[in-house]
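Notes follow once the structure below has been shown.
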């Protein structure tokens, strides 16, 4: 599957780090706002303050974690593109598995295997959905079969009028 709007590999890492950080801050901000609101003392003022405080403290941390994941994933993906010489879904699946394993390395080999499997499965699902969507949308833009005219509506070839029309040859 070709990706048309992707940057070349050195800049792709920076681009993916920034995108992942942004996703983490926004998603984490929404989640932390709800969590801070629910865990604050009773009263709308306390709840809004608790919500804002939770977002201020936790959203940048979550964004940083997402940025680390995105940067490591893109680095491994670019390395695989360079190593294999082609860009295909297997690079992303392998990158997801290796990223999961590397990030879980401090937790031991069992956690590494579990995280590698989860990363690979997650990326396989994402790539599979992307391929299915590409195939589905490609079918929508196929050329339509040529429109064939109804032969009963075409004028006759031998000069006689079509049925229901008078013959004007008698007036010549």
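Positions of Cβ are set from backbone N, Cα and C atoms, glycine also.
Features of the protein shown, as given by Swiss-Prot:
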type	residues	note
DISULFID	9-78	disulfide bond
TRANSMEM	17-37	transmembrane segment
TRANSMEM	61-77	transmembrane segment
TRANSMEM	113-133	transmembrane segment
REGION	146-172	region 'Disordered'
- Cβ-Cβ under 8 Å with the transmembrane segment (113-133): same-chain residues at least 6 beyond its ends: 1, 89, 92-101, 103-104
- Message: Using a 10 Å radius around its CB, how many other CB atoms surround residue 78 (disulfide bond)?
- Response: 20
- What DSSP gives for residue 9 (disulfide bond), in three states, is helix
